[in-house]
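Comments concern the structure below.
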């Protein structure tokens, strides 16, 4: 009897036993920190330029798998195989490290306080332009690093195990990891979805319904049909296995990632020596000089547009035309701004004037969406029919037998598909049942409660140390933490249902609420407002990221406790690296500048000034109110009818996306729109190809990572005074 290879032993582990596999390892921890550091470097570049930060969970998982499949065996040939749950651990840690710039406020709150806050607005605590020291940045990051993680853990049972929110990115990452490692993935289906799967399979192969058909032939026909989850089988005429489709997809994705990374890196290097390519005046010099209508052929911005998708970038383009094609020329023509003011001037120029309209639209959209989601949740809770729930939870023998039949058909269709000796399989379970790992692999509630208390105390002590209890009183910090808890729930649910974590909107809601709590005439009210919003944003960002990763782990059978540890370790490393990178950018570059406009920071400080009673520029209030009302109504319609599946909902623009299109310069939006169109045509021409979207995300991730990581080389060139044109 032949002996099993190590990789085959991993394949044999059923889903229920996978949490017991060793996941917290030194090699996985080092890999997670390394990959996360690359993502963090990329996110800093684009966060300071446009305010855009990405989790990069899918490319992180792909890079981890590539390293441990191709490089690690050359160094340690006798080491145990890399498992899918260990891959989840690496990816979770990489996300925790990489999203530090946004979670810790280094692309918004910190530059807002440093660059724009006046001495009066800070309560006499800081001078405008006074930079934070490295020690202060470490303390600030530590204050925000942990409570969002502890807030999220108790919600896992509700949103993932019970409600089974889809978390599209987390589910896509789980599917990729399953295919790359050739292991079992959990597929939760409802009765209607199961019937659709069965009907589609039978329609594609009606011969299986013929009563006189030979059983073996019918079985072959069933296995050769395409399942709901895709067909990965490739066989020759004699039935022998030829090249594994899983391995082909893996190699193809790696090649795509490397090629796009190289192209984007080359653009970054060339843009240093020929900076004119960053801003090409394709619409003429007048529009370029007065309204910033340029084209920047940045591969990274095109990649961001691919990730965002056509609807979002279309809404941004609407905002771009509204802000820079209508409002800005109107304000200058009507002399609501000085005609000779610099277009880059956030105080006197058109850029500063249209920002108020952008802010009004985003706040109106966020507040209305928050109200609608809250009301829907309350109504849903009140109207639960216990009898109906009881009946739906009764085990239906027919349903269970159908589950087993479809599971067998799907996995049989993959019987010749191997990745390094392993086979990727599917385990179908009823969505009505709660599938959970053993309690010993869950985070203990004593850990959660003590962690919430300790992290909250760390936050309180750190904020008081940095700003003083006279400027930011104790009750304000405690209120911000309590508010952060509730807003984290909103962020998690929004991310789970729409794949979008509205952290910017959550921060604005927090600022708006604090405007009613803190007296406007209190010294330091603007600083207090910004800090409280930063606390809420950090909590929502971390809680959403962790829940997305927990969804990935749940589908693959990873240990929630191991992922929790990965998030904590990643946050600890991100504290140090984020603080260091911000210090480097601050010393090497002039911020704000045309290259690093820090638009998110401007939005933070202007929102704080708005809600604390500062006067607006001429006619900005009237314009902001009109647009705010319009987009509040649109937000009400979109969020009320979003769950009904109406096609026309897609044509109602998102206020947040429109607002982003207004405050970002046109060059950023145009490049992203090109990326959005590219993704639309790609998916349209590859309908039915389940690997098409994965390849598209890998393609775009390579573009983003290449330019982001090689921006460090450009930073080094500046430090060395390397000449350029």
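Every residue gets a Cβ built from N, Cα and C, even glycine.
Within its own chain, the transmembrane segment (28-48) has Cβ neighbours under 8 Å at 54, 56, 60, 63-64, 67-68, 86, 89-102, 106-107, 111, 300, 304, 566, 569-570, 573-574, 577-578, 581-582, 585, 591, 596, 598, 600, 704-705, 707-709, 711-712, counting only residues six or more beyond its boundaries. The transmembrane segment annotation in Swiss-Prot covers 28-48 (among others) and is backed by sequence analysis.
Annotation source Swiss-Prot lists transmembrane segment at 134-154 (among others), citing sequence analysis.
If you look up Swiss-Prot, you'll see 254-274 (among others) marked as transmembrane segment. Within the chain carrying the transmembrane segment (254-274), a Cβ under 8 angstroms from the stretch's Cβ atoms is held by residues 59, 62-63, 66, 297-300, 303, 695, 698-707, 709-711, 713-714, 717, 722, 724-725, all 6 or more beyond its ends.
According to Swiss-Prot, the feature transmembrane segment maps to 353-373 (among others), an assignment based on sequence analysis.
Listed as Cβ neighbours of the transmembrane segment (449-469) (distance under 8 Å, sequence separation of 6 or more from its ends, same chain) are residues 125, 136, 139-140, 142-147, 149-151, 477-478, 481, 524, 527, 531, 535. Look at Swiss-Prot and you will find 449-469 (among others) tagged as transmembrane segment.
Here the transmembrane segment (472-492) has Cβ contacts under 8 Å with residues 147-148, 151-152, 155, 159, 370, 373-374, 456, 459-460, 463-464, 501-503, 506, 509-510, 513-514, 517-518, 524, 527-528, 531-532, 535-536, 538-541, 543-544, 547 of the same chain, all six or more residues outside its ends. Annotation source Swiss-Prot lists transmembrane segment at 472-492 (among others), citing sequence analysis.
Summarising the annotation, Swiss-Prot assigns transmembrane segment to 564-584 (among others) and lists sequence analysis as the type of evidence.
What Swiss-Prot lists as transmembrane segment is 644-664 (among others), and the listing cites sequence analysis.
Remote same-chain partners of the transmembrane segment (697-717), defined as residues 6 or more beyond its termini with a Cβ less than 8 Å from a stretch Cβ, comprise 38-39, 41-46, 54, 56, 58-59, 62, 172, 253, 256-265, 267-269, 271-272, 298-300, 302-304, 306-307, 584-585, 588-589, 675, 679, 724. As annotated by Swiss-Prot, transmembrane segment applies to 697-717 (among others), with the evidence given as sequence analysis.
Under 8 Å from some Cβ of the transmembrane segment (644-664) lie the Cβ atoms of residues 50-51, 311-312, 314-320, 322-324, 327, 354-355, 357-359, 361-362, 364-366, 502, 504-505, 599, 602-603, 631-632, 634-635, 637-638, all in the same chain and six or more residues away from its ends. Long-range Cβ contacts of the transmembrane segment (353-373) within its own chain (Cβ-Cβ under 8 Å, at least 6 residues beyond either end) map to 319, 322-324, 327-328, 331, 336-337, 346, 490, 493-494, 502, 504-506, 508-509, 512, 602-603, 606-607, 610, 616-617, 620-621, 623-625, 627-629, 631-632, 634-636, 639-640, 654-656, 658-660, 662-663.
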